[in-house]
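Written below as structure tokens is the structure these notes are about.
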Amino acid sequence: MSAPVFDPATYDAQLAEKQQRLIELLAPFAAPEPEVFDSPREHYRLRAEFRLWREDGQRHYAMFAPGDKHTPILLDDFPIASLRINELMPRLRAAWRASEALSFKLFQVEFLTTLAGDALITLAYHRPLDEAWQAAAEKLASELNVSLVGRSRGQRLVIGRDYVEEELTVAGRRFRYRQPEGAFTQPNGAVCEKMLGWAYEALGERDDDLLELYCGNGNFTLPLATRVRRVLATEISKTSVNAALANLADNGVNNVELVRLSAEELTQALNEVRPFRRLAGIDLKSYDFGSVFVDPPRAGMDPDTCELTRRFERILYISCNPETLAANIAQLSDTHQVTRCALFDQFPYTHHMEAGVLLERR
């Protein structure tokens, strides 16, 4: 993880620059003015990863400037990280400095927290973890009131749980999420909640079905499922699928069918190119899909998946890379038009931005 340049005094100007960049990217498609959802200026990031750097005989939290992996920036705190992470950082450092079992060949620390106050710490080592480590880790987890995961090559030891629990409110309803260690979660919880609210409103109340690609742990699935008759959701990561199934059950959402397929495989299934055993018992022809929701990786949708979305009246698209979003819109622009768009400032003080668009059939 690279160290961002943190300067709250520049926040508004940076956000205005991102807004202008998004307007320019979407200008060829006659998109409306984007709705802008800002971020807290500090303590917004719910996860953080630090290398450990030895100096003066002690290990320090360290990050690196972009493009420079050799000159560490030593840290005592991290203002963009959640208050919980900042509270844990000095206490964890004191613990490893007082314990050879915890510090020996420790090279990386990852924090995962939630708006609900839950926390998990992952400690990565260049050595096998033994009983002495386990005893020290159990004591530390109790003292810090966290779960701990110890990792070394071929080894993963869990003290407590291997996930954190989050609560997000959408349209007055609170949704509970399990967020597994090592799986993708939105880093900016406050902005994530705004994204969920925007997507919920943009989709609207429907009496037909929704197809969701790249559903992850069900982050969007839970609130969007309350807007439609049924949802067919796909995800390729087994860890994320298991988390999504648990989240659906925990929230009493029972109108979602979840299948472990890639977007490309689902395209083949819908086009009847080939059958998939993982779709056994699911009658694809029974669905009356009116909308598709996509939240693809930075590369965007591949051309075949993009063509698949063309079949739908409404395409609700969340993008972590507006450049590939624009390329996908260009492919769809002869049949669909952008009727709503939004900028979500997930990553303050960086050039990265998250965008959302609603495309509707012309």
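Including glycine, each Cβ sits where the backbone N, Cα and C put it.
Swiss-Prot annotations:
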BINDING   Q186, Y214, N219, E235, D295  S-adenosyl-L-methionine binding site
ACT_SITE  C320  active site, nucleophile
ACT_SITE  E354  active site, proton acceptor
What count of other C-beta atoms do you get within 10 angstroms of the C-beta of Q186 (S-adenosyl-L-methionine binding site), across all chains shown? 25
For C320 (active site, nucleophile) and E354 (active site, proton acceptor), what Cα-Cα distance in Å is obtained after rounding to a whole number? 4
For E235 (S-adenosyl-L-methionine binding site), what residues in its own chain, 6 or more apart in sequence, show a Cβ-Cβ distance under 8 Å? Y214, C215, G216, V241, A244, L258, R260
According to DSSP, does N219 (S-adenosyl-L-methionine binding site) sit in a helix, a strand, or coil? coil
Under 8 Å Cβ to Cβ from the residue listed as 'active site, proton acceptor', same chain, six or more residues apart: give me those in sequence order, or none if nothing qualifies. V191, M195, I318, S319, C320, L343, F344, D345, Q346, F347
Count, for each of the recorded positions Y214, C320, the other C-beta atoms lying within 10 angstroms of its own C-beta, and report the residue with the smallest count. C320
Give the sequence-ordered list of residues that share a chain with N219 (S-adenosyl-L-methionine binding site), lie 6 or more positions from it, and have CB atoms under 8 Å from its CB. Y177, T185, Q186, C192, L196
CB within-chain contacts under 8 A for D295 (S-adenosyl-L-methionine binding site), separation at least 6: L213, Y214, C215, G216, F220, Y317, I318, S319
Given the S-adenosyl-L-methionine site residues Q186, Y214, N219, E235, D295, which other residues of that chain have a Cβ within 8 Å of the mean position of their Cβ atoms, reported in sequence order? F184, C215, G216, N217, G218, F220, S240, I318
DSSP three-state assignment for Y214 (S-adenosyl-L-methionine binding site): coil
Taking every pair from Q186, Y214, N219, E235, D295 (the record's S-adenosyl-L-methionine binders), the biggest C-alpha distance in Å rounds to 16
According to DSSP, does D295 (S-adenosyl-L-methionine binding site) sit in a helix, a strand, or coil? coil
